[in-house]
Structures are given as structure tokens and as C-alpha cells.
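Below you'll find the structure, written out as C-alpha cells, and then a few comments.
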Amino acid sequence: MKPLVGVIMGSISDWEYMKKAVEVLKEFGVPHEVKVVSAHRTPELMYEYAKTARERGIEVIIAGAGGSAHLPGMTASMTTLPVIGVPIPTKNLGGVDSLYSIVQMPAGIPVATVAIGNATNAGLLAVRILSIKYPEYAKKLDEYTEKLKEKVAKMNEELQKEVENGI
């Protein structure tokens, strides 16, 4: 099956974070592709990737970048597909620089931005976007939400036992 989600990152060093999005996509059975596409080192590749994504069957792009973090915004400027930006943590500023770069897009070029390093939510957001068109993903999201509820209930149950037993 053709990939529905494109996961791109500016450098292989971003993979440490971006693989979390891929894990989510695999969990939900979403066909995807993963590539290193640098806005600064390979601008032609970035341009080609964004311009051909729709015709290749891609419906959502998840783009992770650190530092100046131009990849998500530049990708969004070249396609009308939804682009989800993942700010990658950096050594000097902890990823705040990446966050500001991705979230401060000019009017007309939206990038949905998740928390610094939170590619898990980027993957989940991509699945939610796809669930509008694909009912099987909506069903899996409902099941995922139920599992989260069960997990919280179990945590609360364990907490109550600990409190009752005198911390």
C-alpha cells in the first residue's frame, strides 16, 4: 500500500525523537515513509518532496527539525497537505529555538506544532487527521483512548492502595 504519511527530518540525529511518530503509525497500521530531507543542505530535495507528496498518495506530513528548524515551515509553504511540525530539542536552548521557529509561521502557511520532542503526539495527530477519511483509524483511536482510560484507572487503583497502606 502507498504511504499515507510522510515522516521527514532535517538530520539523522533527529531520528531519536522522530521514531516515536513512526512507532505510533506502526501501532495504528498506517502506511508511511521515513526520510532525511534537509531544508538547508538539500533544499532541492525538500522542494521535490513537498511538491510531489500529494501525487504520491501522501495525505499528512510530519516534519521534525531542530535549531533554526525551517523544514516544517518550508515544507508547508510548498504543499497544501497538513504539515505537523516537531521541534527537536537542542543543546543550547533545549528546543525552544526550534519551537519558536516552527510555531511562528506567517498567516496563510499553517504548521500544526506539537510540544518539543513530542513526536508521539505528531503521530497521533496524523492518525486523527486520517480518521476523518478512514473509519478504521477512527475505530483504532477509540480503542486507544479506552486503553488510556484503563491505564489511568489502574494507576489510580495502585495509588489508592499505597495511600491506604500508609505511604
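Heads up, the Cβ atoms here are built off N, Cα and C, so glycines get one too.
Counting every protein chain shown, 17 other Cβ atoms lie within 10 Å of the Cβ of Ser11 (substrate binding site). Annotated substrate binding site per Swiss-Prot: Ser11, Asp14, Arg41, in sequence order, evidence recorded as sequence analysis.
The highest number of surrounding Cβ atoms within 10 Å, among the binding-site residues Asp14, Arg41, is found at Asp14. Taking the centre of the Cβ atoms of Ser11, Asp14, Arg41 as the substrate site, the nearby residues of that chain (Cβ within 8 Å, site residues left out) are Met9, Gly10, Ile12, Ser13, Val36, Ser38, Ala65, Gly66.
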